[in-house]
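Enquirer: Found this in TrEMBL, in case it helps:
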- 1-117: domain 'Ferritin-like diiron' (DOMAIN)
- 17, 50, 53, 94: Fe cation binding site (BINDING)
């Protein structure tokens, strides 16, 4: 059985993955609008990958007898001055995601008897 603190952290990460998927999909739309089709395709694939991460966390929560909590997601809409700026923002977001995954991993290591992910 998962501890309440762990359930909370898993839900937070699941919602962050959902936001990431929407963010990359929105960035893909910006790229398409500005005819950067290669970048748009790249970001669409990345959006799908983030949704897969979200689904894995969702499934893990349900498989361990917990109720996933999907929160209201802030709109990721943004304007960018250039493709370079967009990818700088993508990089910053990926750094945040990596930090949060590392924190989640540390929390998992601290939990005794945690069911395997």
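The backbone N, Cα and C atoms fix where each Cβ goes, and this holds for glycine too.
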Enquirer: Which chain-mates of residue 50 (Fe cation binding site) that are at least 6 residues away have a CB under 8 A from its CB, listed by sequence?
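Expert: In sequence order, 17, 18, 20, 21, 24 meet the Cβ cut-off.
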Enquirer: Within the chain of residue 94 (Fe cation binding site), which residues six or more apart in sequence place their C-beta under 8 angstroms from its C-beta?
Expert: none
Enquirer: May I have the list of same-chain residues other than 17, 50, 53, 94 whose Cβ is within 8 Å of the Cβ centroid of the recorded Fe cation site, in sequence order?
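Expert: Once 17, 50, 53, 94 are set aside, the remaining close residues are 16, 20, 21, 49, 54, 97.
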Enquirer: Which has the fewest other CB atoms in a 10 Å radius around its CB: 17, 53, the listed binding-site residues?
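Expert: So among 17, 53, the binding-site residues given, the one with the fewest Cβ atoms within 10 Å is 53.
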